[in-house]
Ligand SMILES: NC(=O)C1=CN([C@@H]2O[C@H](COP(=O)(O)OP(=O)(O)OC[C@H]3O[C@@H](n4cnc5c(N)ncnc54)[C@H](OP(=O)(O)O)[C@@H]3O)[C@@H](O)[C@H]2O)[C@@H](O)CC1
Ligand SMILES: Nc1ncnc2c1ncn2[C@@H]1O[C@H](COP(=O)(O)OP(=O)(O)O)[C@@H](O)[C@H]1O
Ligand SMILES: [K+]
């Protein structure tokens, strides 16, 4: 699923009006119709609805919705906040249609004195600004937004919360933006919804299909996509009837240090449960018995050092190498990492402490082979690439990092971004806050290592891997709860996640 910029959506909108039997007002009616249908399923009967309409088409959508809600029997008070001299022609048509209803309550907000009174039991429909917003809010619009935010009412934002830039192209002061309870966006998700700092502004968001032209969406250019179930399922390899374990690769997992052997245990278990043929684990000698006991399917290559990794024999027998889980950052481990990066010729996934070591030894970056997968969480990424002041800035830095180092960057979070060496971004659509628990990143490393060993292209492995990881988390939290979820439980649900991906 594509994520388009406000500008690209405007073009799709115009193409739809030009090539389909629908006018701009017709499209607005469709948008407001979808919105009203959603509202009618949820607003308690008898609720007083306050509709706020701006001067653009977002305001037009709000005015059509006001009319439809009135016709459905709701008590609706509408306020037009004309922040501009020119009002969109479609917005004027929508207003005239509203005023044609007997008892239509539609007031002009000429100043603060004209503001509505909003009760906490009201529902507010926010149609002040949509995808046309191109600068931070000022003046009366700010007062209006603050009135809504302090009211305690349920707020439904049309398309985007007013004040939030659709493409995240400027940093928003939360005081200058509607804090929506729900955001109902049209046709496609918007980039700015995917940044953590905007959760307070969008609330729970969903996409309403308003039938924009499919070809126009197909042909629209963008670097941003969302991984859907079908996208991920299409990447999954089929297993041949006569396949044997030699077909599914021999992976080498390197990790662990004293006190952090569990990380490599989790990653190894996840790797074996993601279809790898053979797994060897290199860890400090002190962890050998633990690994043999916890993961009897794995072969163990113990380091000569008791507490941390100091030297790894890299041979041609491994099809993929994973390194970093619980590794620690001892100077001798840094030396071992340098040696591995110099000698390994197979695909690699690099996580956690191996990334921290690269951050403190930046000369190691030049040793990364093309298409290596790196899996930083935001703090690890900032250590690698420098601090970012917003989600949008971090995403841009991660795209640049992927291009500069010709790597696949998996920037982890609620909407994990998988970025290839061309700077193309695919956001994950699975997963839940139950996964914010120790070791869930180690599970992802194990999955990715298994897919690399099975000869998946690294970008495909990363997209399929993050989707499966999040899906396992969703299945686990549905069957138990987000609180109950641990990394171990996540692994237990990997089987069901794979099953959901297979063709019936
Ligand atoms: N495409 C679709 O799929 C469909 C879209 N539809 C709807 O249309 C909405 C987009 O409508 P829109 O283009 O008229 O823009 P909107 O957000 O109402 O803003 C109006 C104007 O405000 C101005 N302005 C900007 N920032 C400002 C600021 N800080 N303070 C003051 N003024 C500011 C700026 O004009 P400027 O001042 O730059 O000349 C801008 O043009 C979209 O979100 C959706 O709800 C549906 O109806 C049908 C299907
Ligand atoms: N709120 C969330 N929603 C979806 N996925 C999440 C959420 N929080 C964490 N995750 C996922 O859990 C994993 C956590 O990884 P990481 O931070 O490396 O954990 P650890 O270091 O404990 O293994 C990532 O894959 C991340 O995408
Ligand atoms: K809005």
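Residue numbering: from 1, along the chain as shown.
Heads up, the Cβ atoms here are built off N, Cα and C, so glycines get one too.
Sequence annotations record features per position, and here TrEMBL assigns (6S)-NADPHX binding site to 57-61, 130-136, 159, 263, 326, 377, 442. Annotation source TrEMBL lists K(+) binding site at 58, 126, 162. Annotation source TrEMBL lists AMP binding site at 412, 413, 414, 415, 416, 441. TrEMBL lists 9-218 with the feature domain 'YjeF N-terminal'. According to TrEMBL, the feature domain 'YjeF C-terminal' maps to 228-501.
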Exercise. Given the binding-site residues 60, 159, 162, 377, which one's Cα is the least distant from that of residue 441 (AMP binding site)?
Worked result: 377
Seminar exercise, completed: For residue 126 (K(+) binding site), the close binding-site residues (Cα within 10 Å) drawn from 159, 377, 413 turn out to be 159
Exercise. Of these binding-site residues, 60, 441, which scores lowest on Cβ atoms within 10 Å?
Worked result: 441
Seminar exercise, completed: Rounded to a whole number of Å, the separation of the Cα atoms of residue 134 ((6S)-NADPHX binding site) and residue 162 (K(+) binding site) comes to 11
Exercise. Excluding 58, 126, 162 themselves, which residues in that chain have a Cβ inside 8 Å of the centre of the Cβ atoms defining the K(+) site?
Worked result: 52, 54, 59, 62, 127, 128, 129, 130, 157, 158, 159, 160, 161, 178
Seminar exercise, completed: Within 10 Å of residue 131 ((6S)-NADPHX binding site) (Cα basis), scanning binding-site residues 58, 162, 412, 414, 415, I find 58, 162
Problem set entry | Intrachain C-beta neighbours of residue 377 ((6S)-NADPHX binding site), sequence separation six or more, cut-off 8 angstroms | 411, 412, 413, 441
Problem set entry | For the binding-site residues 57, 131, 162, 416, the one whose C-beta sees the most other C-beta atoms within 10 angstroms | 162
Exercise. Should we count any of the binding-site residues 159, 162, 377, 441 as near ligand 2, judged by a CB under 6 A from one of its atoms, and which?
Worked result: 377, 441
